[in-house]
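Undergrad: As listed in Swiss-Prot for this protein:
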- His79, His238, Asp242: Zn(2+) binding site (BINDING)
- His265: active site, proton donor (ACT_SITE)
Amino acid sequence: MIRQRTLKEIVKTTGVGLHSGRKVTLTLRPAAANTGIIYRRTDVNPPVDFPADPASVRDTMLCTALVNDQGVRISTVEHLNAALAGMGIDNAIIEVDAPEIPIMDGSASPFVYLLQQAGIQTLNAPKRFIRIKKPVRIEDGDKWAEFVPFNGFRMDFEIEFNHPAIDGDDQRLVFDFSSQGFVKEISRARTFGFMRDIEYLQSQNLCLGGSFDCAIVLDDYRILNEEGLRFDNEFVTHKVLDAIGDLYMAGHAIVGEFRAYKSGHGLNNQLLRAVLADQEAWEWATFEEEVGSPVAFAEPNMVLA
């Protein structure tokens, strides 16, 4: 059977919080089968846990943020969550000593590297997938996102930015998920923002950790980063990365096709909630044979460069 996975070792890293600009220590710990992904704030007493669950997401203004009834929060979870999805990790405790996950380089790549350092441990319990059984769609003005049945996990995402630096041909991406494909084609895409927005946010004491080291920054005409883009379609690729992280807030891999036009964290979360609220829209699935699995995860001992 396809089994659940956790980490082999505890791993730690430090980085800067995007909004606070302060140093954050991130610790990833192994967890037992059926624990799920749990985000934990260790700088409050007692520590506060947030299970990976669409209902934990209560703020999607500038990132995906988990917030509890007391207002305790962990922001910017989507890139790490995408890395967990990409590596097929079902169970882990994610500890931070701050109200946000460190931004690192603005992509999921540093988190993939961290997970590879930890190693993957298979557990003696079946991996449970969420299989989409019927179409579900959410619209917001001209933006929309939907799930349709599909024997795999496919992302079909289109953005529409009228900007000289964003080529019209590079605004749509169709990606058939596999761990290898995620690491090579998706994980290195960085978040992006406009200089005028960053300056405004910083005047409001937000985005204090924002810099050319952790984002693609644009003015009205061009990309301001000296090194340019990592690949031509880095903008839409990052939106796919965000969506993979947002959808993994379900706590389980999904078997289905996600289609979106100009979607963002809020719409992604609304769609996930709508699917899970409709008992006819999905079912649990497990797979006896790796060969028969519609979603390809990396072998636990395979190092993905």
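Placement of Cβ uses the backbone N, Cα and C atoms for every residue, glycine included.
Values in this document were obtained by computation on a predicted structure and should not be read as measured data.
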Undergrad: Is His265 (active site, proton donor) helix, strand or coil when read with DSSP?
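TA: DSSP assigns His265 (active site, proton donor) to helix.
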Undergrad: Give the distance between the Cα atoms of His79 (Zn(2+) binding site) and His265 (active site, proton donor), rounded to the nearest whole Å.
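TA: About 12 Å separate the Cα atoms of these two residues.
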Undergrad: Around Asp242 (Zn(2+) binding site), how many other C-beta atoms are within 10 angstroms of its C-beta?
TA: 24
Undergrad: The residue listed as 'active site, proton donor' has how many other Cβ neighbours within 10 Å of its own Cβ?
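TA: Around the residue listed as 'active site, proton donor', other Cβ atoms within 10 Å: 21.
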Undergrad: From the Cα of Asp242 (Zn(2+) binding site) across to the Cα of His265 (active site, proton donor), what is the distance in angstrom?
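TA: Pair distance, Cα basis, whole Å: 7 Å.
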Undergrad: Could you list the residues of the same chain, at least six apart in sequence, whose Cβ is under 8 A from the Cβ of His238 (Zn(2+) binding site)?
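TA: In sequence order, Ser107, Ala189, Arg190, Thr191, Phe192 meet the Cβ cut-off.
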Undergrad: Quick check: which same-chain residues outside His79, His238, Asp242 lie with their CB within 8 A of the centre of the Zn(2+) site CB atoms?
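TA: For the Zn(2+) site the neighbour list reads Glu78, Ala82, Gly106, Ser107, Ala108, Ala189, Arg190, Thr191, Lys239, Val240, Leu241, Gly245.
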Undergrad: Taking 10 A as the limit, how many CB atoms besides its own sit near the CB of His79 (Zn(2+) binding site)?
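TA: Excluding its own Cβ, the number within 10 Å is 30.
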